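Asker: In case it helps, TrEMBL gives these features for our protein:
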DOMAIN    28-450  domain 'Major facilitator superfamily (MFS) profile'
TRANSMEM  21-39  transmembrane segment
TRANSMEM  76-100  transmembrane segment
TRANSMEM  168-186  transmembrane segment
TRANSMEM  192-215  transmembrane segment
TRANSMEM  279-303  transmembrane segment
TRANSMEM  323-343  transmembrane segment
TRANSMEM  355-375  transmembrane segment
TRANSMEM  395-416  transmembrane segment
TRANSMEM  428-447  transmembrane segment
Amino acid sequence: MAGGGFAVAGAAPSADYGGRVTFSVVVTCLMAASGGLIFGYDIGISGGVTAMESFLSAFFPGVLRRMAAARRDQYCVYDSHALTAFTSSLYLAGLAASLAASRVTRAVGRQAVMLAGAAVNAASVNIAMLIVGRMLLGFGIGFTNQAAPVYLAETAPPKWRGAFTTGFQLFLSVGNLAANLVNYGTSRVPAWGWRLSLGLAAAPAAVILAGALLIPDTPSSLVVRGRVEEARAALRRVRGPKADVDAELEDVARAVEAARACEEGAFRRILRREHRHHLTMAVATAGFGSSGALMGAVVLGAVNLGSTLVSTVTVDRYGRRPLFLTGGFVMIICQVAVAWIMGSQIGGDGESAMARPYSLAVLALTCVFSASFGWSWGPLTWVIPGEIFPVEIRSAGQGISVAVNLGATFLLTQTFLSTLCALKYATFIYYAAWVAGMTAFVVAFLPETKGVPLEAMGAAWERHWYWGRFVRPPVKITEEP
């Protein structure tokens, strides 16, 4: 080694660097994962605020009139394009921001992008106009959602990467539960409770801002920018004294140099044949959103939080695929059952009342659905894209994944109420079919990535029955004698 560089040969990356879960890595990852707070809070707060009579009276009186009608179609009460625009505008802005964030992340580091996202979140809560305020929040969320999962994947020990990366979803669930509790309390304030709910978004924004100021940048990001000694120090800090820091750093450097052998930009490179599997899986695992936000119930938030903890404990023990498959199967069953109950009790016209036992059954099924989402597709949406990309396109890949996630959520949020009004109870069959397709895709195309170091991830794709045909052998780069 000379001048802080490495002689990068074609050897395979080490399977284990001997690192352990240190206090430093736990604290660092907790602060980074807190980026999920503002996203979770905003998902939960919008669902509750739009159900408050004072909020609807001020901005959406037509919805109130439909609610007060003697005869009403229960499927269509909340069908308002303006109302859904209030909720969905955040996701559209986040989509644009996440793509821009990936370029900034590669240039200045994961830490700086998280800090920028936190600053935008903190500033936006004082905007009076609803849509503008939501869009400003969306820009901040796009930055933090792009940077935080990548930061967690690059900082966590390979053996426990899944557990640490699910921390983002864990904090998202905490934010969601907090929002539901806030809505429950502020709904008792007749005139301005909704203002308090929206304004309290400053609290999670402040937490994220403080965390972004305190955390160091990731070793991979530092190596990409040529700061090798800083990367070595960062690895020593998070891996502990017994870890083989030099071996891990050499593997990171090898991955960076191999990626740099191709001179194309990250966004052009990610479209190349050899990265088709990365892009496909990032898109496929990102396109589903939880319905818990629409219901705005504290019990659902608590169930989701508990199930996310289950995922944190099990994802590195049993792997990613079993969680995807069990979660998908349970979600399908729950949605079909809800469709049957609503069809038999409310009917196609939506004017019948549902008997209390059936209402409780729907609530129970919704809780089970929320739990199954919380241990599977919810956290793994952040885990998989953050770990499958090579280092030079990791930011771009995560940016595309977050953009697809937010874009799909925008479409779902903008069309769900209209779809419910048009398809009635069959709406849940429609979404069950989507989940079935997604689950089948995972069965066929997702390799298991449990315990695989980021720099050795290519081997998992090389062995896959389908993606192996797209993966090129790693570029061998040696230092001139």
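Glycine is no exception: its Cβ is also placed from the backbone N, Cα and C atoms.
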Asker: I'd like to know if the transmembrane segment (355-375) touches the transmembrane segment (76-100) in this structure, counting it as a touch only when three or more C-beta pairs sit under 8 Å and are separated by 6 or more positions.
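Answerer: Between the transmembrane segment (355-375) and the transmembrane segment (76-100), which are separate recorded stretches, there is no contact, as judged by 3 or more close Cβ pairs.
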Asker: By Cβ distance under 8 Å, which residues at least 6 away from the ends of the transmembrane segment (21-39) in the same chain are close to it?
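Answerer: Answer is 114, 117-118, 121, 137, 140-141, 144-145, 147-148, 151-152, 155-157, 160, 164, 167-175, 178, 201, 204-205, 207-208, 210-212, 214-216, 237-240.
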Asker: Is it the case that the transmembrane segment (428-447) and the transmembrane segment (323-343) have 3 or more CB pairs under 8 Å, with pairs at least 6 apart in sequence?
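Answerer: Answer yes, regions in contact.
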Asker: Please report, as numbers and ranges, the same-chain residues at least 6 past the borders of the transmembrane segment (355-375) whose CB is under 8 Å from any CB of it.
Answerer: 169, 173, 290-292, 295, 299-300, 303-308, 310-311, 314, 323, 326-328, 330-331, 334-335, 337-338, 341-342, 345
Asker: Sequence-remote contacts (6 or more beyond its ends) of the transmembrane segment (323-343), Cβ cut-off under 8 Å?
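Answerer: 311, 314-315, 354, 358, 361-362, 365-366, 368-369, 371-373, 375-377, 380, 424-429, 431-432, 435-436, 438-439, 442-443, 446.
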